[in-house]
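Novice: Sending over a structure as structure tokens; questions will come in a sec.
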Amino acid sequence: MINEQVLLQEDLKARERIERNLDTTFLVEAGAGSGKTKSIVDRMIALVKTEKAEVRDIAAITFTNKAASELMGRFRMRLESELAGAEEASPVRALLKKAIQQVPESYIGTIHAFCGRLLRERPIEAKLDPSFQEMDPQEDREFRDKCWDDYLEKLRTNGEDSRIDELLEMEINIDDLKAAYNRAAQYEDVAIMIDEAAIRPDLDIIRYSLFPMVEEAALFIPSVVPEKDWDDLQRTILAAKRYLRSMNMADDLNVLALAKLFDRALNVTQKRWTDKNQAKLFKEQFQDWRITTLQPFLQRWREYVHPKLIGFALPAVEFYRSRRMEAGKLNFQDLLMKATELLRGYPEVRAYFGRRYSHLFVDEFQDTDPIQAEMMLLLTGDDPAESNWRKQQPRPGSVFIVGDPKQSIYRFRRADISTYNFVKKRIEQCGGVLQLTRNFRSVKSIGDYVNYAFESKFSPPGQLSDTQAPYVRMLTTQANPRENAGLHGIYTMAVPKQAFDRFDDIARFDAEQAAQFVAWACGDKVSIQEVVEGKTTTRPARPGDFLILLKRKEYIDLYAELLERYGFPSDTAGSLAVFEETKALYQLAMVLCDPTDRIPLLAVLRGMLFGISDDALYHYRNAGGNISLYSSLECASDKSAVVDQALDKIRQYAKWVRELPALSAFSKIVIDHGLIPAAAVSESGAIRCGTLMKLLEVLQSDTEAANEWLALTKKLGALMKDAESMEAASIFAGKADTVRIMNLHKAKGLEAPIVILACPCGEDDHDAQEHIDRMVEPPVGYVTISKPKNAYQSEIIAQPAGWNGISEKEREYMNAEEERLLYVATTRAKQLLIVSQYPSRPAIDPWSKLAVSLQHQPELDIVVVDQVRREKIDAPSDIGSHIAE
Ligand SMILES: Nc1ncnc2c1ncn2[C@@H]1O[C@H](COP(=O)(O)OP(=O)(O)OP(=O)(O)O)[C@@H](O)[C@H]1O
């Protein structure tokens, strides 16, 4: 193998330099499985042992709190083991002892918490209320929503709501305005591009071109419906005719709505027209008109709307910002921006923190917020007077950055490759860029596959591109398991064609195969190779060896459900938390907020909590019963007695709500109704039960919700609406021997002996939504606003001028990131990687970009395994009757 030995030597040298060249600033590009955390710990220990730094001088910034606690744990353990190995009375021993004492004084944590620290020490210079509070993303969302409502209210009270009316006349509704507000609020550090000069496009161009075409084509549509129905163009023309007859076409918005009917490919079946040749001509004519007239027009319209929408949103965002400051509440972005402003604005503060944290470590640099780069250079810069971070150069050895540009997967959360490349160049000038290429994680067959699959996907080695990371060969040193000692390498697992390529069916088939494989493998059929204290051993596979990764989160619970059927517990991350129990509890909470409202009351009676049939309700009404919490039927018939019992129960709940703090009442209801055991024995019981318990925890952490029923109801509503705000959790979460199932972004930094890239469906090809240019000062944002078109698609309703070219550029970035996501996915496996495929329709398969490299990999033989019999309640509504009894 060419140069493999040389490359290994280079890797070794790089690792030595990390520990030895402590006065050199390094950016370490460490490939997958190369032991990033270990290299950080090695350097920290070296700093302590050589007295270059004390532990209290060290700040290490990690991507998540979990990564921070792992780093902290490993650092502490290394200090302890170094101490145990140090000679009695040696100077190093004293240093290590002191270091251990100082561990609590060091900083190891996320960038946001670090900024919080800086700001708490210097609130006056930061112009902050010293008792400011940090808001997590969920609290921030709620605060932002509240500010939006208040802002609209303020406009109304000040008589400024005519501004809203103006926008409503442009086919914009209140939801669109809020979408613009939410979008602009994401980019407070960016100058959002607005073209104030955009002029209103004249809709006469549509009137004069489209109306006559519609009238003419209508003449060739038969008067009776063709045997096989109207074709697309006919249907659209007939709809347009109805529109023209019934709507006021002097109104521009009606014309716009009509024109949009024609903004799609309209198929024509010639024989359904009265004249085939004319039909062919119409097809071409409408298609041509769409491209040459309609689409340019719609583009100009979206450009015209854009400044109005953004212009409305920006003052609302400013209102939200000033509300945060007045209330002393900082969101994550504020923490970064305020801390950077503080360092930028005060040379003495810069110098103070530069001394205080003289050795800065930054992990996962490829995925952090670009403002972090500014902070980092301001803190470590060698010129005390320079406030422009781009001109700063780190002091020798002051910063140690670790990252892997091949694993940058958070562009949607502001990660930015151009900032990464800028910092890399800067460090090249004043320190060194090192490559760690040796991979300790995967066996050779996986390494070979990864190299083969990604060499052509990344940019040529050593070449800096502003969209894609350069390819670096991965050097695996773990041998494959000996023959018959363990299934290893890469396998595919295909799902056969499903009717209409329905996602639900594809996912279910795949989940069943995956569960069967896990069951088979754990039945002593697959051995796992492990290196323990330098010795290679094997042991039977167990559930904890499996990591199932999905590109999208919708189907995570399905995989958990199928695994459960085969008797395997799982631990999920990133799946949606909206189960029937949560929905039913929310409905009940609404009833208890306003018991006079009969509609939710009826829904609760018929829903999963009480499962009362329409028949029973009918009998109850017939017997003179009133569906109300305030009346009870004296002599109900047998059939309707259940209604009375349910109403009694709800009355009882209402009493608890009046008498107890909200969370106590809520918990009592959950227990009284037996929801936790009921969830536990239902389909996906472990997750549903775990999610209910997590729900109680989430409510407990919100003081207002825990005390007040209305706030609790609102909180439940927010959790239902915003799937991002609470993830489902299994009761097995955190237990060691469970199959882990998660979406790909959650798998950052994780590994497992066996990885399944599952669920070969659900891929969508969504358009770019924004593009941020961070190479100019201040950074400029090109932001579009969209609204849902239907359940699956959205349409852009406002866009900045020149968006087509800009969005193409952004697509390049997005496509490049897709490749990196695949790199992250394939590099999680230690011994065996299984890739699910849906060959019948690659466009919907998120893993299909690997198809070419997978061509010669064997397909997994799925051995049919029986499901485990378990007792379960068949219909959720049964729970109600159980309780009623
Ligand atoms: N020097 C080493 N010798 C032997 N094994 C190591 C060494 N360093 C790390 N490992 C092992 O290699 C595996 C990968 O290490 P780690 O998870 O730290 O890699 P990483 O660089 O964070 O990878 P990724 O970026 O892909 O998440 C782990 O199982 C770890 O225990």
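Placement of Cβ uses the backbone N, Cα and C atoms for every residue, glycine included.
Since we're looking at a predicted model, the values are computed, not measured.
As annotated in TrEMBL:
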- ALA30, GLY31, ALA32, GLY33, SER34, GLY35, LYS36, THR37: ATP binding site (BINDING)
- 9-443: domain 'UvrD-like helicase ATP-binding' (DOMAIN)
- 466-749: domain 'UvrD-like helicase C-terminal' (DOMAIN)
Novice: For the recorded ATP site, whose residues are ALA30, GLY31, ALA32, GLY33, SER34, GLY35, LYS36, THR37, find every other residue on that chain with a C-beta no more than 8 angstroms from the centre of their C-beta atoms, and list them by sequence position.
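Specialist: Filtered neighbour residues, in order: SER39, ASP404, LEU436, ASN439, PHE440, ARG441.
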Novice: Within 10 Å of the Cβ of LYS36 (ATP binding site), how many other Cβ atoms can you find? Include all protein chains, please.
Specialist: 21
Novice: Check the binding-site residues ALA30, GLY31, ALA32 for any whose Cβ is under 6 angstroms from an atom of ligand 1, and report them in sequence order.
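Specialist: Listed by sequence, the hits are ALA30, ALA32.
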Novice: Taking 10 A as the limit, how many CB atoms besides its own sit near the CB of GLY33 (ATP binding site)?
Specialist: 23
Novice: Pick the one among the binding-site residues GLY31, GLY35 whose Cβ has the fewest other Cβ atoms within 10 Å in this structure.
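Specialist: Taking GLY31, GLY35 as the binding-site residues, the minimal 10 Å Cβ count falls on GLY35.
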Novice: Over the domain 'UvrD-like helicase C-terminal' (466-749), what does the predicted model average in pLDDT?
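Specialist: Its mean pLDDT is 86.
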Novice: Hey, does DSSP put LYS36 (ATP binding site) in a helix, a strand, or just coil?
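Specialist: The residue in question, LYS36 (ATP binding site), is helix (DSSP, three-state).
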Novice: Take the Cβ of ALA30 (ATP binding site) and count every other Cβ within 10 Å, whichever protein chain it belongs to.
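Specialist: Result for ALA30 (ATP binding site): 28 neighbouring Cβ atoms inside 10 Å.
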Novice: What's the number of neighbouring CB atoms sitting within 10 A of the CB on SER34 (ATP binding site)?
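Specialist: The answer is 25 other Cβ atoms.
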Novice: Test of understanding: give the count of other CB atoms lying within 10 angstroms of the CB of THR37 (ATP binding site).
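Specialist: For THR37 (ATP binding site), the 10 Å Cβ neighbour count is 18.
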Novice: Restricting to the same chain and to sequence separations of six or more, state which residues have a Cβ under 8 Å from that of ALA32 (ATP binding site).
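Specialist: Spatial neighbours, sequence-distant, of ALA32 (ATP binding site): ASP404, LYS406, GLN407, ASN439, ARG441, VAL450, MET474, TYR823, VAL824, THR827.
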